[in-house]
Amino acid sequence: MVTGVLDDCLCDIDSIDNFNTYKIFPKIKKLQERDYFRYYKVNLKRPCPFWAEDGHCSIKDCHVEPCPESKIPVGIKAGRSNKYSQAANNTKELDDCEQANKLGAINSTLSNESKEAFIDWARYDDSQDHFCELDDERSPAAQYVDLLLNPERYTGYKGSSAWRVWNSIYEENCFKPRSVYRPLNPLAPSRGEDNGESFYTWLEGLCLEKRVFYKLISGLHASINLHLCANYLLEETWGKPSWGPNIKEFKRRFDTVETKGEGPRRLKNLYFLYLIELRALSKVAPYFERSIVDLYTGNLEDDADTKTLLLSIFQDTKSFPMHFDEKSMFAGDKKGAKSLKEEFRLHFKNISRIMDCVGCDKCRLWGKLQTQGLGTALKILFSEKEIQKLPENSPSKGFQLTRQEIVALLNAFGRLSTSIRELQNFKALLQHRR
């Protein structure tokens, strides 16, 4: 499994495990259940800007686009696996498809009180002067989703269409030359003797910033895969699905032998990503510590409790002794640092657009949320001076977070905290089997 010190920062895995288990995880789990953090606004109808989306199942009621809204439950279009060839019996594929539709569908039930409250929240959010406007929120197609009703778990979305999304993220957005292939990438042309060594030689040759970018994306990928392994559809008994950890699936993705040494690297990148987002939380604390910042839902008592809980999480993040030092990044000459930072931002924007190509709505929802959370963390890390200059009692010009960014930031970190918790669970299950 994975132990020891992480590259590019002085921190060991056991310390992170303990800190996460005893301090962070119980609190962040509670925070995610608060009204302010459980509703996320997302547009799941944006078309994929990079290729024609063919990763969808054909739904029986609905062979022709556009479908009448009344016919389809909100989030039904889910990914088709390439598990069965066309020559194979098509009914199996249809069953698989129905299954994936059911699992990948978004539960969009919201009470009328909630809907009315959102209008009020949005009004409050709009009265703050914001640093950046997200293209999604204004769209009439954007809807609020209750994250507690739509947990991230295995949905049956797999195979080539899922691989293509990740492949596109790594190939186009990780500063990587075409000639260097990621190890165990099923979409890469077959390579001779190279077992991925040239990939790591390339990675080591990068400047710290670009190496960090790659690790963050790899860590995000590992985290999402961990959630799917830990919340796997084990069986349907009496029509009731039961979910739980799938050890076989976990080993397939992370075991040293089965992944030819890749698994531990992926898990180390997960820890690295955790540290980066942890650092961002400790840096953004002063923004929230100001009395002017409310986590507004209209219920004053609840809002005060939510803010107290959030501030206590920030206190914990500040107490962690082994933070990643982002000052080593973008520290070169001003001009070079600025253009590199801009390159980062554009790559990141692109990745969030690739998330619109995910064929399963539930996966798309969590992909978008976690990408936005990481983007917000990076925005924080590179706005340290602006955050330090914030006025106590008036909205700031230099640095703002929208409600959307705040919800994404803390839920994304909550997913990482959960991943590390789930990893502990898998370690225990594997030891038990021995």
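Each residue, glycine too, has its Cβ placed from N, Cα and C.
The active site, nucleophile annotation in TrEMBL covers Cys360.
Taken from TrEMBL, the feature active site applies to Cys363.
The Cβ of Trp166 (FAD binding site) lies under 8 Å from the Cβ of His221, each of these being in the same chain and 6 or more residues away along the sequence. What TrEMBL records for Arg153, Thr155, Trp166, Ser218, His221, Arg253 is FAD binding site.
Annotation comment: TrEMBL describes Cys57-Cys62 (among others) as disulfide bond.
Annotation comment: TrEMBL describes Cys360-Cys363 (among others) as disulfide bond.
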Among Cys360, Cys363, the most crowded of the active-site residues [Cβ within 10 Å]: Cys360
Count of other CB atoms lying within 10 Å of the CB belonging to Ser218 (FAD binding site): 25
Neighbourhood of Arg153 (FAD binding site) by C-beta distance under 8 A, where only residues 6 or more apart in the same chain count: Leu103, His227, Leu228, Asn231, Tyr232, Leu233, Trp243, Lys362
Spatially closest candidate among Thr155, Ser218, Arg253, the listed binding-site residues, to Cys360 (active site, nucleophile) (Cα to Cα): Thr155
Residues Arg153, Thr155, Trp166, Ser218, His221, Arg253 binding FAD per the record - widest CA separation, whole Å: 21
Distance from Cys363 (active site) back to Thr155 (FAD binding site), taken between C-alpha atoms, in Å: 8
